[in-house]
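A.B. asks: So that we are looking at the same thing, I have put the structure below in structure tokens.
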């Protein structure tokens, strides 16, 4: 009994542990190993619970669906095995453990780039299901029971993971130092592990710490209840259940300068000589211990964090992207985390507890992603925030399905937020001075308007009486055909000009666009694609616009500099036959692009989806205008732009029935430019064939289903009239339609050298459009 007691340090503290922290020796959606072979892993947000790993000397076993994780790992060694999907992760010295998402079995692996680093569970425990797992410095303890079960308590198993003396590889074996008759008979709710000790919450109440080094922790009997535990190598910190304050035991240097009593936390992580926690109010990270914490991100909230020896990584709450920083004073990371979306928490059976919300996967704007968990009945419960970081104010409180919303102080427009943002002294120093400023602005504006009217009265008559002089805007848009008239006998020159083009892009506030789209609600949605969602919006001044909102995947896979470069180019290009960018917003990490609204939908809708049919005169004008838009992108835009996805659904019709080319992007590889330009020509030829025949590009109900395969042989035989759309009455003069067929056939030739340029096509189709006026 004395030997047993020497191995066992028992503290019956009235302790409640509903979920562990994400620290060393505990478990969470992100974890880190220690030592010279340190590496990190996190559970991704794909809905498959795949594991992403990165580290300086880590040979990625490449998760089945994550191809980019290895790109951020310094080691170039490739491994031939996969890490299975996990429900939870926990890190030790040079290895990580987890619970498999499908079987609840334990799985441990190291940083070694071979299968020998993947068998770190003794045979006796490999088929056992576990509900909790905690990797210590060189041992692992786990609570028996199915992870997703409503009953998450059970007896524990412990085993040792040590280094072989001959080749420094890791091996797993049972460890009698952690076995005790008292421990084996107890039922645990949770478990955490450190260097030579483990601590767990007992189902009947209290906490038990056991192992060779457990007596060094120096626990004192207390009646406090605790919510979260994190174990360092020689210390433990816990979050009080009611006050959310932190208490620590063990090695003093690990928790020197620990948080003040008024600091409240929801999560903890531990390194060898430090602890870090996520604050309850604004979800920012605060650290303490014997390290340098000057590099902690300020103004950023986190969902989960994990620490190795000198690096802390976390999952940002605003976009679920990984962020890492040093805690030893060095500003240079030895490796960067991968650009992947990570799970904000662990999947579990609901409902969520008080002061928690169920994370909604739809906010990631990922098509077909409805849950972050492999089992759809499970959910990720995240702690609610109650306050915001400096520079933001609380605009919406936490609900059952969403966290609180923080809005930049730059958007503060009333007294409810001015106190928080401290705007009284800086923005509203004196009411009378503010009124005087408004008066000066009003008088100045009126005087300017009067001056403009006087100048206009003098200058405009001279312009009107000088028909031979054209201004720059007229020259720029003189080739545009405006609103089509149903009277086809009207001369082409008398067709009304296209609407004016917005001369510059506007910077919008996020709040403006949220209001304009009714909070980006589904009933405002116009469409969706790989970039994100497109919403119909009505601005405060009554203008109708289309707002394209990038999804999270687009944001993290697009370099910020690349986006800024593309945005600068899009802001500067203007033409009456493209959908022009009106403005943008990048507040709160969003990427919102505001475009002209096209009320008559797409060409595809009118040709194939039962919308109002288009007359032959209008179809040919649309063909010509589309060619003009592509010609501008190819030859006049700076730098020139290759569309890359020319199709009838990317030809939009504005309020005047003018064709506008939409959804064009940039090409960065100069080696592919010529090929891509010819691809634009080919795809434009397919659009011409759709206009001519009324058939889709691919129609499985037709034989042959490919429109090019069906039409080209007929056109080359001189029988183009046989493929003309029969749902529209043939005009008296079919010659323009036959010319249109010939132009389309040139575009879809297999040899790019035989294809015309967009300038040639625009010129030819302009002549065809003139001939079409005598239908």
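Cβ atoms here come from the backbone N, Cα and C positions, even for glycine.
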A.B. asks: Swiss-Prot tags one of 377-397, 398-418, 419-439, 440-460 as transmembrane segment - which one?
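C.D. replies: Range annotated as transmembrane segment by Swiss-Prot: 440-460.
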A.B. asks: To which residue among 328, 494 does Swiss-Prot attach the annotation N-linked glycosylation site?
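C.D. replies: Among 328, 494, the residue Swiss-Prot annotates as N-linked glycosylation site is 328.
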A.B. asks: Check the Cα-Cα distances from residue 381 (disulfide bond) to the recorded positions 102, 398, 645 and tell me which is shortest.
C.D. replies: 398
A.B. asks: List only the single closest residue to residue 526 (ATP binding site), chosen from the recorded positions 352, 406, 645 by CA-CA distance.
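C.D. replies: For residue 526 (ATP binding site), the spatially nearest of the recorded positions is 645.
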A.B. asks: For residue 241 (N-linked glycosylation site), list the number of other Cβ atoms lying within 10 Å of its Cβ atom.
C.D. replies: 17
A.B. asks: Which whole-number value in Å describes the distance between the Cα atoms of residue 213 (N-linked glycosylation site) and residue 241 (N-linked glycosylation site)?
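C.D. replies: About 26 Å separates the two Cα atoms.
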A.B. asks: Specify the nearest of the recorded positions 241, 414, 532 to residue 360 (N-linked glycosylation site), where nearness means the distance between Cα atoms.
C.D. replies: 532
A.B. asks: Give the residue from the recorded positions 352, 384, 388, 398, 534 that has the most other Cβ atoms within 10 Å of its Cβ, counting over every protein chain displayed.
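C.D. replies: The residue with the most neighbouring Cβ atoms within 10 Å is 388.
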A.B. asks: Across all the protein chains here, work out how many other Cβ atoms are within 10 Å of the Cβ of residue 102 (N-linked glycosylation site).
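C.D. replies: Excluding its own Cβ, the number within 10 Å is 13.
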A.B. asks: Quick check on the glycosylation sites 213, 328, 360, 414: which one has the highest count of other Cβ atoms within 10 Å of its Cβ?
C.D. replies: 213
